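Worksheet: one structure, shown below.
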Amino acid sequence: MASAPPPLRGGSEGAGRGGGPASWAVLRWALASSCLCCECGSGGEWVSTRRGGMPVAVPAGPGEGAGESGKSTIVKQMKIIHEDGYSEEECRQYRAVVYSNTIQSIMAIVKAMGNLQIDFADPSRADDARQLFALSCTAEEQGVLPEDLSGVIRRLWADHGVQACFGRSREYQLNDSAAYYLNDLERIAQSDYIPTQQDVLRTRVKTTGIVETHFTFKDLHFKMFDVGGQRSERKKWIHCFEGVTAIIFCVALSAYDLVLAEDEEMNRMHESMKLFDSICNNKWFTDTSIILFLNKKDLFEEKITHSPLTICFPEYTGANKYDEAASYIQSKFEDLNKRKDTKEIYTHFTCATDTKNVQFVFDAVTDVIIKNNLKDCGLF
């Protein structure tokens with residue numbers, strides 16, 4: 001896997017009825033306002049009358065599991081929406097990551113063919129598979145995609161046996177963006193290739209430690225912290241929650257039929273629900289706004305027609321159609337709220353790779369944050 005580029009600096013369907021895993025994550029936001037803080041007597045920093053300081057934490061649940069929920073993609077969207085996107089040089093820095101994601105995706109599919117006992121439609125592809133594994137290590141180390149390797153990948157991806165295995169991807173761990181990159185291999189393999197904004201959004205690098213980005217929106221100064229979400233990473237970010245006034249919790253809708261990368265006995269959606277329960281009902285967050293992002297709605301809409309929701313929820317009796325199934329998952333999460341009389345869950349269905357959708361949703365989220373903090377200050 002290629003290393004991550006340097007840390008960044010710096011419309012929604014269905015607002016909820018109240019207004020995992022492979023990786024989990026938390027985003028903690030701190031806000032400051034030069035125009036409103038003066039009314040709160042904060043001397044330059046927005047201050048909550050209840051807590052002092054206005055950090056906003058954002059845990060992300062499994063998208064693909066408690067991790068791979070799309071939270072890092074949302075962080076990237078903030079740069080695109082609020083900071084004029086990625087420069088050409090910044091995009092170049094992602095080229096090795098795109099190559100690595102592409103190589104790792106085809107390797108994962110070919111490896112799975114053995115476990116699933118799927119043969120190549122063309123027996124000569126077996127030689128290509130051997131070449132793939134022989135060439136890939138050096139290519140990833142050097143951050144390149146040589147012509148001979150791209151040719152091997154192209155032939156393998158075109159094989160009907162490989163496509164059949166790809167169609168069964170819920171039975172093994174595969175990057176959501178596998179088809180995106182493999183279908184566009186001819187462009188990616190060009191010698192003068194520079195990743196597009198969408199290519200950058202689609203890249204997948206496991207988040208470890210904390211990655212920080214800054215931006216300004218509606219005269220508010222945001223600090224966003226993207227924190228590793230796998231189980232092994234959670235102990236590193238739990239302390240970040242103390243004193244937060246809002247939490248954005250991301251869940252990958254499409255993870256309902258997947259298991260954790262770190263625990264293949266645990267369904268990703270169930271893992272996400274466990275974490276949401278622990279966050280939503282934590283005594284620290286009695287007065288904290290909870291904003292739920294049910295993410296990857298595009299993948300869910302495609303998957304639900306051929307992979308029944310009963311895989312995750314055996315008691316489900318509704319149709320395997322997007323609206324009904326998505327509403328059921330929403331209710332399962334919102335029903336975990338034990339303080340329904342005093343605490344509202346703000347739910348949004350999102351597609352983190354869709355810039356317009358994220359922009360629309362984030363605008364609504366910011367309004368909720370501002371409204372609730374004005375209440376804290378006695379101004380609303």
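Any Cβ shown, glycine's included, is placed from N, Cα and C.
Any TrEMBL annotation is an automated prediction that lacks curation.
Database features, via TrEMBL:
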type: BINDING; residues: 68-73, 176-177, 201-207, 226-230, 295-298, Ala352; note: GTP binding site
type: BINDING; residues: Ser72, Thr207; note: Mg(2+) binding site
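What TrEMBL annotates, mapped onto the structure for a quick look.
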residue	record	DSSP (3 states)
Glu68	GTP binding site	coil
Leu201	GTP binding site	helix
Asn295	GTP binding site	strand
Ala352	GTP binding site	coil
Greatest C-beta neighbour count within 10 angstroms, which of the binding-site residues Leu201, Val205, Ala352: Ala352
Asn295 (GTP binding site), number of other Cβ atoms within 10 Å: 31
Fewest-neighbour residue among binding-site residues, criterion Cβ within 10 Å, set Glu68, Ser72: Ser72
